[in-house]
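Q: Okay, here's the structure, questions in a sec.
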Amino acid sequence: MTGLCPLHQPSPLDHPHSGGTPMQNLSQLDVKGKRVLVRVDYNVPVGDGVVQDDTRITASVPTIKKLLDGGASVVLMSHFGRPKNGPEDKYSLKPVAEAVSRALGQDVKFIPSLPGSDETLQAVQALRPGEVALLENVRFEAGEEKNDAALNDKLAKLGDAFVLDAFGSAHRAHSSVSGVAGKLPHAAGGLLQSEVDALGKLLHAPEHPYVVIIGGAKVSDKIKVIENLLPKVDRMLIGGGMMFTFIKARGGQIGNSLVEDDQLDLAKGLLEKYGDKLLLPTDAVAADKFAADAQSKVVPADQIPDGWMGLDIGPDTQRAYADALQGAKTVFWNGPMGVFEFDQFAAGTNAVAAAVGSLKDQAYTVVGGGDSVSAINKSGKADQIDHISTGGGASLELLEGKELPGVVAMA
């Protein structure tokens, strides 16, 4: 997996997402003796007051340490969950502060007042170089998701400079992402820079052959990515529930499988235009019900029996997709091949994880999307992937060709 690059030089890629100019990077920011406000993504799973998965926290450590080594004090700012009516205990970042302290190996002061309050301002003004504070959930502020001008001003007072290192939130035009950036000297953190560079390669400078694997339940969720990438790729392998919309569009029988009838014409059009590039499953694992203990059997993907539903790609397709990946120079995988949560329908996803992982040193490989990331971690191949994206919605919007407000703000 790609490490973070806190000493990153300006990106050589000319990203349209960043207004055609590279983002400002940390080495261009003078931080000695300054208080730096850092937007991180600490929207992590918490159970019984304890962080269950600290991946996003550890991913932010190199940027924080670089700032501390440069003589700064650091004020960390994040959202957590979707609180609707101001402060709620279950959405407090307090338990996260302890996990950040552990990851950094130093004390992190938690500031429980609202981020835009006078109390918070006084608390951060007392920080000395080398010290770190974590603000309370920025979504407790009513103006955050509205990119409220008054809140932007209040947040800007918390730092002498601003660093955006929350790629997972870079597609949101919120106060803590793009609003405050216009008020302070700013730069992209190492995590944001590595994400934009890695995904930028998929759009602007892919080596060929270029193979993309797209899975997941719905065509409608991924259609803009599919349409934007198809002209650029050599092969696109389709899996997951969305495969049945394509198979039905081609006249196949799909039984009770998931289908989006309102996407059939679109799927038909893509098959007519890019049929030579689009690879669909030839067999599927069908089940008599949507359950972990369902009866299952392997059938042709376009002959799912009535009353049955396809829940994974079959063994022939697994082999065909592994073969299609051989010789590739660039590979992007987003979305599971089947109902990965049920063990008996996880084989297709695991097979793709193994195939992508086996390409180390032969191809530039990027994996994005929660289930595909879980699968690559579970397969033990994560360290063989060039870049594992933490982005979710932000990754997809970038690959749709959209400008991300946070990335634009860092130019």
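Going from the start of the chain as shown, residues are counted 1 onward.
Cβ coordinates come from backbone N, Cα and C, glycine included.
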Q: Swiss-Prot has D41, Y42, N43, R56, H79, F80, G81, R82, R139 binding substrate. Which one of R102, R172, R235 is in the same site?
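A: Matched candidate out of R102, R172, R235, per Swiss-Prot for substrate with D41, Y42, N43, R56, H79, F80, G81, R82, R139: R172.
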Q: Rank aside, I only need the closest one: which of the binding-site residues K222, G310, E341, G369 has its C-alpha nearest to that of D41 (substrate binding site)?
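A: Nearest in space to D41 (substrate binding site), counting only the binding-site residues, is G369.
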Q: Spatially, which candidate from the binding-site residues N43, H79, R139 is nearest to S372 (ATP binding site), comparing Cα atoms?
A: N43
Q: So which of the binding-site residues is most packed in, judged by how many other Cβ atoms lie within 10 Å of its Cβ, out of D41, E341, D371?
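A: Buried the deepest by this measure is D41.
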Q: When the Cα of N43 (substrate binding site) is compared with the Cα of each of the binding-site residues K222, G310, E341, G369, which one is closest?
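A: So, of the listed binding-site residues, the one sitting closest to N43 (substrate binding site) is G369.
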Q: Between K222 (ATP binding site) and G81 (substrate binding site), find the distance joining the two CA atoms and give it rounded to the nearest Å.
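A: Cα-Cα, rounded: 24 Å.
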Q: Using Cβ atoms only, which residues of the same chain lie under 8 Å from R139 (substrate binding site) while being at least 6 residues apart in sequence?
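A: Listed in sequence order: H79, F80, G81, R82, P83, Y91, E145.
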Q: So which one is it: of the binding-site residues G81, G310, G369, which has the fewest other Cβ atoms within 10 Å?
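A: So among G81, G310, G369, the binding-site residues given, the one with the fewest Cβ atoms within 10 Å is G81.
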